Amino acid sequence: MKKTSKPDRSLRTQALDLLSRRDYSRRELSRKLARPKPGEQHGDLTGADHLLSDDPLLDDHEVLVEDAAATAEVERESLLDEFEERGWLSDQRFSAAFVRSRAGRGLGPLRLTQELRQKGVSADEIRQALDECEFDWFELALQTAQRKYRPDSADRKDPRKQKAALTRFLMYRGFDSEQIRYALEAVTAGADDDEF
């Protein structure tokens, strides 16, 4: 009978503590759990190359450190698998909450996609989270543009500069060209022809 190793109790406690505060993607939680706790040794001998030259004991130490790191990774992945089975860790739930939160701050779908990819969420789960959210991206781009656009701005003297600045701002926020065009047309519709 094959005996599977149970994850370290402190690792489990640390993971539950993190998840009790907010949702994490699997990769994000794995990275957090992989960080050494304050006061722990890294087992890293960087900067001590001159000591490693001919000492076989130090070579053995490197092997032990590598074995310990591999064991810790197996334990971490086992714990994350268990948490996913229990429903405590879900990339889909994390993605949906992330999209709701960040879109509510005026970020567009392109920026959200980029940020979720950096957090290790798969393209399918990102697409599903964006499709299921209740945001109208065109209206969100318009609302974001309206917050940024100030009719009494100093750049009013040169409407092209103001339009270019607003376009760059919306691109940075993660809106696509169609959403930006919609927002610019709506914002400038109320302005005089000589303003934009």
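Using the three backbone atoms N, Cα and C, a Cβ is placed for every residue, glycine included.
Pulled from TrEMBL, these are the features on record:
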- 27-52: region 'Disordered' (REGION)
- 27-43: compositional bias 'Basic and acidic residues' (COMPBIAS)
- 90-130: domain 'RecX second three-helical' (DOMAIN)
- 136-184: domain 'RecX third three-helical' (DOMAIN)
* Asked: Which residue counts does DSSP give the domain 'RecX second three-helical' (90-130) for helix, strand and coil?
  -> 31 helix, 0 strand, 10 coil
* Structure fact -> Taking DSSP H, G, I as helix and E, B as strand, the domain 'RecX third three-helical' (136-184) contains 39 helix, 0 strand, 10 coil
